[in-house]
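See below for the structure under consideration.
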Amino acid sequence: MIEFPILTMLVLVPVIGSVLVALISKRYPDLVKVTALVTSVLTAGMSIWLLAAFKTNNADFQFASQHEWIKAWGISWHLGVDGISIFLVVLTGVLFPLVIVGIDPHHDHKRYLSWMLLLEAGVMGSFISLDLFLFFVFFEIVLVPMYFLIGGWGYDNRVYAATKFFLFTMIGSAFMLVGIIATAVLAKADNGHVTFDLIKIAENASFAASTGRWLFFAFAIAFAVKVPLFPLHTWLPDAHTQAPTGGSVILAGVLLKMGTYGLLRFGVFLFPEAAVWARPLFLTLAVAGIIWGAIAATMQTDLKRLVAYSSVAHLGFIVLGTFALTATAITGGVMQMVNHGISTGALFILVGMIYDRRHTREISKLRGLQKVAPIFAAVFTVVMLSSIGVPGLNGFVGEFMVLIGSFGTARWWVVVATTGVILAALYLLWAYQRVFHGEPDEDNKSFAELKWKEGMLLLPFIGLIVFCGLYPKPMIDRIQPSVDKLLQHVSQHSDFKVPAPAEPVISNGGEG
Amino acid sequence: MGALLAADTLHGPKVDWFALTPLIILLGGAMVLLLVAALTPAWPKRAYALFTVAVGSAAAVMSFILWDRINHQGAKTLVGDAMWLDKPGVWIAITVCIGVVMAALLTDDYLRREGIDGPELYVLYLLAALGAIVMASANDLIVLFLGLEILSLALYVMAASHRKRADSQESGLKYFILGGFSSAFLLYGIALIYGSSGSTNLGKIESYFRLNPILDHSKETLALAGVALLIVGLAFKVAAVPFHFWSPDVYEGAPTPVTAFMASVGKAAAFAAMLRVLLQGLPHWAQDYRPAIWTIAVLTLVGGSVMAVVQTNVKRMLAFSSISHAGYLLVGVEAAAHNAGNGLSSTGVSSVLMYLLVYTVLVGGTFAVVTAVGRTGDGATDLAGFRGLGRSKPALALGMTVLLLAQAGVPLTSGFVAKFGVIGDAVRVHSYAIAIIAMVSAVIAAFLYLRIMISMWIAEPEAGDDAREAVRVPALLCVAITLSVGFTLAIGFFPDWLIHAAP
């Protein structure tokens, strides 16, 4: 019997949905919405089924499927998930239907939904590709729907932001494409034939140190732009601020993770020697991003821009964890990818709601919202605390694991990075204070309370924030084996000695 | 007198007529169209265009048959060693035929819309195609020049063929003067090569330089100057920077379907000729001309994309984009120059040929949309003309978006496959720098395609937009766009067979 090609379907279903939505006539707006919803919910269902069927304590790629695609160039349709990617797949699967059903783009629903579904397919594909070429295809194709989403449904300065987003990311990909081809061509000597297969190259290829480092940088530039790593982050605040709420949620929730995920999968895994060699640089940039992002966030007058800069800081933690190269730190980094997707996604939704009500995001124009909308303020508080990393909520687990895991191998960087945690409390609490505390003035008095529909949209986010904060063990159990395997691969292929994992920290991490 | 007296002892070369059928069909079609149309009253609507499509298709079919024959019997030279019957040549012949078909589909309604309907332009398409194929299959510099002139003269007239637009006249004149200039360079180069090697036959030139690796000083100077002039002449034809000055003006002024033809067929023939001259005739000099090609390629890539950014007229934008595509093709040529000793089986040749085919289809579709958007008078080709196309003609705008994304090299389109091919070959011969420059300039060029897309989809409507003439997409134009978009996506998703087929 042929196994159900679940991973292929994860990509295909949204594509089919996108095409259907594009083909349905504008005269049936409800049918358009239902189609989009059904396909995205179906994808979400499949991704959750995938998680349920995922074998814990198995470090290998599961559900792998491989078919020849472009034989002449040694390219295959090779998909698979492991502990590092599984939660990103689920996050993608879950986030999209929420965005599709919960956030109103205000005009042109048909085209909006069509692009949204195409975006989902692209993001999904990037997380499950095990072929360099295939990964590049997905990584690059994502730009197109996102470009149109920002450009078509964004705010005043959307054309500038969309173009900047497209060109910045594309310039990173330009280097990566050359890197990918060079990797495949140079690995030919070890593989016997030209192949773009990630696993084959990672396991067989033995690049000379200098070659590997060049190739690593070709990849790393693309990911550093995508993450975005300081100082390549300047596209992000613009893109985030100008994007429609749905676009921002997806951008922060999953799109940026393509960068951090890429660094792990196509940086550290593919070029362990070079990654070890480049550690100091990336650790420094990560920490610089944490501090810079936090300082810049403090200075913002626009609430959405503030959240955008906070993303720069949070992603700095993930990169820090990645290049600390210990099991705890990387596991924490992967968890932080998911957690950041949940909490920042929710923050963007909340900021979007504020904008819909007040038509401004200027912090100085908002005041005393707590008085008129206490439930809204309560939800905002939970999400904000999760973003700050308060124990008991999801943000804490990842951040704490990153810091504690990195301490052994990257001590002084951790010392500096920890101040970033304090700064996060500073900018978020200060913003909260200005927006929610005090007496509402005339404009803010009519601020509407959280509606039922909005509450239902936010409920899953709150649920995940609390659940992952209190009981992260199921996640850790699934992530860690793959991380261990990755680190084993690193120590085999470089002179880096991975320290033994600090067990007690992991088992108690959540409750702390 | 002596030569005349000896005429009875002179034997003409044996001619394999069957191998020349694509050329004969094109010539015959042109003659029929020219004579019959002159003697009969105006043909019914679309008849000229459909006749041209039929002739182009027939020539393409014959080319396929020849392709099969080469598969069985191998490549060989024709007409006394003057021409090649080989896969690259036939590949370009097919490409040219596709270009003719696309151009004819574009031209049909265009001529009626502009009120200048008649068979002349179609005749010129067929003759130009003939020249292009001769040029691409030439094994002799004189034959190559002959093909080039047949092609170029037809193109000059075509560019000026819109009698009611002064721009078109200007375009034709400009093209004629600068084109003549470049032909002179080429001819001078041929003369110098002849002077140093004693032959105009590419095979003989190659063997002369191979067998006499150490030339005396004067001959070496002569040969190097010849190589340089040949490169300049051909670089003019492909519009490589810094020999590109004619192309934006000519592209902008020429009737839009003619621009499509120029960009596709003209480029394909010129690049095929360049490959023949450099790899089949002058591989001995590869070490000398490779840096020149490298420099021209980089200038073309960067220049084409950077200058495109500041344009506001879509036809001019596409002219610069066509320049940057030429840069990509030159990347392939540069890669091939690394192992020039292999002639046309060098790494890089097949990806250049594939690029040309893909680009021909792509550019045909893109200019088909521009033809439609140009509206009566062929004047509304600035960005404003595209404003709001996404609202008024969503399907057309979507087609254009696919084609533009393909030109930008976004994955899952044929444009990406083409770019991947040349970049892959550049990397394979370790030309990393040029590969990276090419990719980065693709990003700059992407900005120009984004601007067109912004106009179509995002730009706010302005006062007076509704008063514009509505964009019409007549049947044949629609066919051209559909074919082009279909091919672009099909190759994007399933490129395997094309990669296998490319010689």
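A Cβ is built for glycine as well, from the same backbone N, Cα and C atoms used for every other residue.
If you look up TrEMBL, you'll see B:138-444 marked as domain 'NADH:quinone oxidoreductase/Mrp antiporter transmembrane'. The transmembrane segment annotation in TrEMBL covers B:17-40, B:47-68, B:119-136, B:142-161, B:173-194, B:222-246, B:258-279, B:291-310, B:352-374, B:395-417, B:429-450, B:471-494 (among others).
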Residue numbers, six or more beyond the limits of the transmembrane segment (B:429-450), whose CB comes under 8 Å of its CB atoms: 294, 297-298, 301-302, 304-306, 308-309, 311, 317, 320-321, 324, 327-328, 331, 334-335, 338-339, 347-348, 404-405, 407-409, 419, 422-423
Dominant neighbour of the transmembrane segment (B:258-279) in B:119-136, B:291-310, B:395-417, B:471-494, by Cβ pairs under 8 Å: B:119-136
Stretch among B:119-136, B:142-161, B:291-310, B:471-494 sharing the most Cβ pairs under 8 Å with the transmembrane segment (B:352-374): B:471-494
Distant-in-sequence neighbours of the transmembrane segment (B:291-310), which means Cβ under 8 A and at least six residues beyond its ends: 228, 231, 235, 240-242, 244, 278, 317, 320-328, 330-331, 333-334, 337, 431, 434, 437-438, 441-442, 444-445, 447-448
Folded-back contacts onto the transmembrane segment (B:173-194), same chain, C-beta under 8 angstroms, at least six residues removed: 141-142, 145, 148-149, 152, 155-156, 159-160, 200, 205, 222-223, 225-234, 236-237, 243, 245-246, 249-250, 253-254, 281-282
Intrachain neighbours beyond the transmembrane segment (B:142-161), with Cβ under 8 angstroms and 6 or more residues off its ends: 82-83, 116, 120-121, 124-125, 127-128, 130-136, 168-169, 171-173, 175-176, 179, 183, 186-187, 190, 200, 237, 250, 253-255, 258, 261-262, 265-266, 269-270, 273, 276-277
Tertiary contacts of the transmembrane segment (B:471-494) (same chain, 6+ residues out, Cβ under 8 Å): 46, 49, 102, 105-106, 108-109, 113, 358, 361-362, 364-366, 368-369, 371-373, 375, 389, 392-393, 396, 399, 402-403, 406, 411-417
